[in-house]
Amino acid sequence: MSERAPVVTIDGPSGAGKGTISQLLAQHLGWQLLDSGAIYRVLALAAIHHDVELENEESITLLAAHLDVKFLTGNDKDPVQVILEGEDVTTDIRTQECSNAASKVAAFPRVREALLRRQRAFRTAPGLIADGRDMGTVVFPTAPAKLYLTASAEERAQRRYNQLQDKGFDVNIERLLSEIIERDERDMNRPVAPLVPAEDAFVIDTSGKGIDEVLELALKYINEKLSSAN
């Protein structure tokens, strides 16, 4: 890992626009991209592919330490393209089987430690955009620029509703809103790495804002921070 390679962390709750803004920033700056929210799913899928028992902490930890994963800028449908061992698994990691397996492997402390090191290894020249929930507080606490994107639960539910409708799913917006509120409560009050802005994070409320406006605010902040750091 190069400590001199700059890193911009982007944290916040689901539906706040982290994925889209991370993709656009990575494209604009020509930097590496890390989607930390997908990494446990990727590890779970790798375990399934290699017939590794999900209950075997030692084997899963070894797999985590050598996980061959890349995150590329994607498209409007999937802002981040996930590549595992040279194969596009963007859709594969979203299955219920993969989700269930991810919950199992994430329960192992040694696996979490191995993936923490693996995530930090993404910090290479020319720079890194790190998208997640604890990037600025746990994974890259010394990052020179930290963003925290948020939005009202109602707006995030509407965005998620629109996304699922576009993909042909029949969804109930009231249920989505309830799930988002419950997840926020759980994430913000968990004892380990709770979802909170870093003390030195620049908070952007994306409610009622278009992508271009949020991107402009983010770039202005990042340029100011990186200029003062040099």
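Along the chain as shown, residues are numbered 1 onward.
Note that Cβ sites are derived from N, Cα and C of the backbone, with glycine treated the same way.
Summarising the annotation, Swiss-Prot assigns ATP binding site to Gly12, Pro13, Ser14, Gly15, Ala16, Gly17, Lys18, Gly19, Thr20.
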Winner by Cβ contact number (other Cβ atoms within 10 Å) across the binding-site residues Ser14, Thr20: Thr20
With Cβ-Cβ distance below 8 Å and at least 6 positions apart along the chain, what are the contacts of Gly12 (ATP binding site)? List them in sequence order. Lys18, Arg133, Leu147, Tyr148, Leu149, Thr150, Leu195
For Ala16 (ATP binding site), what residues in its own chain, 6 or more apart in sequence, show a Cβ-Cβ distance under 8 Å? Leu149, Thr150, Ala151, Arg156, Thr206
